Amino acid sequence: MSSFKRDKKEEEDGVGNIFQNIEKTTVLQEARVFNETSVNPRKCTLILTKLLYLLNQGEALNVKEATDVFFAMTKLFQSKDVVLRRMVYLGIKELSSTADDVIIVTSSLTKDMTGKEDIYRAAAIRALCSITDATMLQAIERYMKQAIVDRNSAVSSAALVSSLHMTKMAPEVVKRWVNEAQEAINSDNVMVQYHALGLLYHIRKSDRLAVTKLIAKLTRTTLKSPYAVCMLIRIIAKLLEEEDSGNDFPYFDFIESCLRHKSEMVVYEAAHAIVNLKRTTSKELAPAVSVLQLFCGSPKATLRFAAVRTLNQVAISHPAAVTACNLDLENLITDSNRSIATLAITTLLKTGAESSVDRLMKQIASFVSEISDEFKVVVVQAIRALALKFPRKHNTLMNFLSAMLRDEGGLEYKASIADTIITIIEDNPEAKESGLAHLCEFIEDCEHVSLAVRILHLLGREGPKTKQPSRYIRFIYNRVILECPSIRAAAVSAMAQFGASCPDLLENIQVLLARCQMDSDDEVRDRATYYSSILSKNDKNLYNNFILDTLQVSIPGLERSLKEYTQNSTNQPFDIKSVPLQVGPSPDEREKKHKSEGMLTSQGPLRPPPVSREENFAEKLSAIPGIQQLGPIFKSSDVVELTESETEYFVRCIKHCFAHHVVLQFDCLNTLPDQLLEDVRVELEPSEGFELLSVIPCKQLHYNETNHTYAILKFPDDDLPSCVGTFGAVLKFIVKDCDPTTGIPDSEEGYNDEYILEDLEITLGDQIQRVSKVNWGAAWETAAESSVEKEDTYSLSSMNTLDEAVKNIVQFLGLQPAERTDKVPEGKSTHTLLLSGVFRGGIDILVRAKLALADGVTMQLTVRSPDDSIAELITSSVG
Amino acid sequence: MGLFQKFANFLGVRKREVNVLVVGLNNSGKTTVVNRFKSEEERVTDIVPTVGFSVEKFQNKNLSFTAFDMSGHGRYRDLWEHYYKDCHGIVFVIDSSDRLRLVVVKEELDLLLQHPDVCNRKLPILFFANKMDSKEALSSVKIAAGLGLDKIIDKPWHISSSNALTGEGLQEGVEWLTQQIRDMILSKT
Ligand SMILES: Nc1nc2c(ncn2[C@@H]2O[C@H](COP(=O)(O)OP(=O)(O)O)[C@@H](O)[C@H]2O)c(=O)[nH]1
Ligand SMILES: [Mg+2]
């Protein structure tokens, strides 16, 4: 899309891109002239430019191509042409990661970096660092140290920044350059000072005490460079955030004093830091906000933008402070820079009173067509937040959204509007009918197939639950007549939902489905036939399992299982239970989704549908012997830390649960530079009934490296109560002492050592996968006949609110809340939480928890599951 | 080559540019040799081991030389071949006091001579039996015999004893090379 736009623009301008039609093979061919005895600098510069252009367009060279052209390029060092030489440096940097033997240019570059020609020196340093690996670093160390303290500021800056990049590869070596960096921080040049601070901080950042010393020293001197001061503010803010130090930490005062700095950049940085610090009190906040307020009236657009963006970000956490700027924000509504105007309005919306909503919405409407999609999305998100805050305003907001829907706009923008309408519908029953009506209207003329399909799906789910379901049928059936096959198929499925849920519509739906069986598209006909035949059976149970709550497997998982099945010749029928389940979003994920709203953060390009964590792990685990036979992973737990994070060895565990087994994955990090660990494994003391099948040790664990060791255990057979338990754990390994700079062991001899880990718990939640039921009520009813029911009453004395109780129950059981019952309406003293999930082995679980608030929370828990002992396990483990 | 260029060459108006490759084991004195060829003001005083290669320029007679001074460390010897194709001559430097590694020198030389970019060309090769000042130094005759130079029949070659620290023996060698390359160019044009 964007490239299309660009082309069009160029056509208009009448200037084409001269590099547009070049081809990789041609350029590589042309590059052979680099080998000629006498170099033609102009010609070679042009060819190199083409090559760099291609690489920057994402064209990839294979190793041979890259190596050939790299070596041809090295011959250009014979030319003294300044422009060509600098192009060669760029070429070296670009190819350094793909070509072989790039260290061949080391001497040529060290010569340039220490030579008389100043223009070469900085660029040569950057190129040199890109070709240097850890083994070669020693050879250039002397030059780097000299360059860091060079009188030429460009040289010094280049050396400092390159050193920073090289800390990734050889932190121990770069640490030795600390004295030079110290010297550079006294430089008069603003950039050198900034870069020196960057490097010093980077070297020391894992050492709390050293950072504190650095801050103490620098806050006492006056840094000349505003960039360095900004950096210092960030360092201090980060420390303050981690420290939980209360107010006695003296450096907050330093940030405060920076509000009076003569550089605007520093003043802004200080204000930004103060409003974003969690510990800031309202008294401390005031001066920072007045600075931002001042900037709102600045003639410089960048300052206004920075100020309003910061206010926007903190509008939720510090509403009162932001409200103090309301007048200034109002002024910005008419700012000629629409980005500023948008942020101003959305900030006002976040903090404003219900009464101001209508006025502000009118304001936005006046220019919404002038802003880019990206900012329109910000507006939409602000509206969503508003709708959740002021449910009574849903009419104004819905009308606004539907007007936006009818406007021009890209898929991402339209999808965000549809999402918002859907959220509002789900949150506010009163808004449902009008929201659905808007969406019906929208799909009458919607150019985005994926969006139309989603909306049809929603209509099928929500329409039958409204007062007058029949009114939606016309909209849906219209799609069958007018649209492309994928939309027609979605419409057929939506109609079937009405047929299954509304007995009085069934006859009509059957007529429509009969017509769809004449469709020209296979998928549409198949669906119509399928639904029509099920609906003709008149069996509630069938409706539930095959229309309302269909397959709950993960689609990529199903694809993989089917592929494996067809590749193995077996007479066994395919077992749908062996397919990993489609997992509902975890509370965390949903939280995250809402947090970023209203911020100006790019979502990036559309991503492929996410793969579940389990599928991600499945790929890695399948390489490990003995795991393939266990079947698919049923659930992977969250990460559990078995050590404190700042210890010698840092160990974390992920529990992968299978139908009858559990695989424990231990991620171990070695933080000791002078130790190489070998044969690293975790020795377990499993609780009774668990059988330890095998341990897969990690062969080697170098410094600063994370590697895995595994243990495979079998769950106790036929004894569910023993399937939850606590294991003792000890990390065992062989230590080889080694040289911290090279990581090479001093001798072949090692010695055994061990390290006690925290106990590891296998919980109920580890063995339950959250699976959502579209129609929980119908499933519950069906389960009354086919399942066992267990019920018990509990008093949850440590819970003070219903909300808190709901959160804890959901987390403890690891089940998926249905029908948004995890949201407790405000001011209620009773609530019913509906949950669903699957126990390992594919056994359904439905839970209903009736909660009442009375001196703590009382809970009546009802569990329905086809398996007696699972229902028992759940009721007993809660108590 | 255009007519004018030919004419110009003939008159020696513009110096003809040629490339030579300087190879040999590490520590044999290649960089020191090349440094000697440069004019006095361009010479460096501090010679450090070469990592990869370094390009140097010097003049002799009416030829303008570009020398690719290669590193002789094991890790880099395989990379010499990238530079064979387009050179007009090879300078092969031998540490004549390093008797132990003379077999390694022979191995590398044989590899060079068999390389497809070298074997079918009439490339002149100049050998410097360097470090002649050293007590253990072998004579150039012994070195020529040790390396089996008499077996090279399809290429002009020449061996000079040299002391790169003082410059002794270098001039004689480079003059031979200049002459060879000039002959080669003239016969081609
Ligand atoms: N005694 C002596 N030492 C030499 C001679 N030529 C070079 N060297 C020394 O040998 C060492 C290696 O020289 P260098 O030019 O770096 O060798 P390269 O690795 O072949 O480039 C240096 O210490 C030189 O001073 C020579 O003719 N006689
Ligand atoms: Mg050398």
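Easy rule for this one: first residue shown is 1, then count along the chain.
A Cβ is built for glycine as well, from the same backbone N, Cα and C atoms used for every other residue.
What TrEMBL records for this protein:
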BINDING   B:GLY24, B:LEU25, B:ASN26, B:ASN27, B:SER28, B:GLY29, B:LYS30, B:THR31, B:GLY72, B:ASN130, B:LYS131, B:MET132, B:ASP133  GTP binding site
BINDING   B:THR31, B:THR50  Mg(2+) binding site
Determine the binding-site residues, out of B:GLY24, B:ASN26, B:LYS30, B:GLY72, B:LYS131, B:ASP133, lying near ligand 2 in the sense that the CB is under 6 Å from one of its atoms, and give them in sequence order.
B:LYS30
Rounded to the nearest angstrom, how far is the Cα of B:THR50 (Mg(2+) binding site) from the Cα of B:GLY72 (GTP binding site)?
8
B:LYS131 (GTP binding site), number of other Cβ atoms within 10 Å:
24
How big is the Cα-to-Cα gap, in Å, between B:SER28 (GTP binding site) and B:THR50 (Mg(2+) binding site)?
12
Measure from the Cα of B:THR31 (Mg(2+) binding site) to the Cα of every one of the binding-site residues B:GLY24, B:LYS131, B:ASP133, then give the nearest.
B:GLY24
Just how many other Cβ atoms lie inside 10 Å of the Cβ on B:GLY24 (GTP binding site)?
25
Within a 10 Å radius around the Cβ, which one of these binding-site residues has the most neighbouring Cβ atoms: B:ASN26, B:SER28?
B:SER28
Simplified DSSP label at B:ASP133 (GTP binding site) comes out coil
Which of the binding-site residues B:GLY24, B:LYS131, B:ASP133 have a Cβ lying under 8 Å from any Cβ of chain A?
none
Long-range neighbours only, meaning 6 or more apart in sequence with Cβ under 8 Å: which ones does B:THR50 (Mg(2+) binding site) have?
B:LYS30, B:THR31, B:ASP69, B:MET70, B:SER71, B:GLY72
Within 10 A of the CB of B:ASP133 (GTP binding site), the number of other CB atoms across every chain shown is 15
Which one, from the binding-site residues B:LYS30, B:THR31, has the smallest tally of other C-beta atoms lying within 10 Å of its C-beta?
B:THR31
Looking only at B:GLY24, B:LEU25, B:ASN26, B:ASN27, B:SER28, B:GLY29, B:LYS30, B:THR31, B:GLY72, B:ASN130, B:LYS131, B:MET132, B:ASP133, which the record lists for GTP, tell me the maximum pairwise CA distance in angstrom.
21
Local Cβ density at B:GLY72 (GTP binding site) - other Cβ atoms counted within 10 Å:
24
